[in-house]
Amino acid sequence: MAFSYCSSSLFVSLLLVILFISPLSQRPSVKAENHLISEICPKTRNPSLCLQALESDPRSASKDLKGLGQFSIDIAQASAKQTSKIIASLTNQATDPKLKGRYETCSENYADAIDSLGQAKQFLTSGDYNSLNIYASAAFDGAGTCEDSFEGPPNIPTQLHQADLKLEDLCDIVLVISNLLPGSK
């Protein structure tokens with residue numbers, strides 16, 4: 001009988017713990033709300049991606065314009081690095097010399113875009129917002145140049161096309177922010 005009481009007591013205790021912990025683990029995801037985000041995103045070419053990107057980190061809610069600029073550069077740079085890996089994989093798989101050459105062009109464009117975003121971050125930190133704009137534009141152009149290298153067959157793979165558009169959209173967020181920063185042209 002003591003075993004039965006002990007078992008049921010343990011069962012009730014475990015049930016209470018599970019009931020207590022379960023609602024805590026099912027918290028809805030935190031969405032960053034920042035009035036600056038609602039000012040920035042409608043000015044971009046892809047407002048929904050802008051909202052998704054800038055609201056993806058709860059810390060965005062407390063960031064000022066410069067902080068959101070830093071965050072958007074980081075997101076764009078991460079996207080460019082991921083696309084570089086995709087391009088390297090496509091290059092390794094390519095047997096058509098023309099296609100391989102196009103991938104190599106894209107690889108160079110993305111290496112330049114990553115470098116440009118690194119420079120943009122430094123200019124943001126130093127307060128040189130005009131140079132920030134120039135380097136963010138250069139990163140934007142890198143994705144576009146990759147895209148342009150696929151005029152005519154063989155066509156650009158969908159995965160790379162989408163990655164090019166995404167980098168352009170993310171760089172556009174940086175450009176909008178750079179134009180909103182005080183002292184920019």
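Each residue, glycine too, has its Cβ placed from N, Cα and C.
Within the set CYS6, CYS41, the cysteine that Swiss-Prot bonds to CYS50 via a disulfide is CYS41. CYS146 (disulfide bond) is surrounded by 26 other CB atoms, counting those within 10 A of its CB over all protein chains shown. For CYS41 (disulfide bond), the number of other Cβ atoms no farther than 10 Å from its own Cβ, over all displayed protein chains, is 20.
Remark: of the disulfide-bonded residues CYS50, CYS106, the most isolated position is CYS50 (fewest other Cβ atoms within 10 Å of its Cβ).
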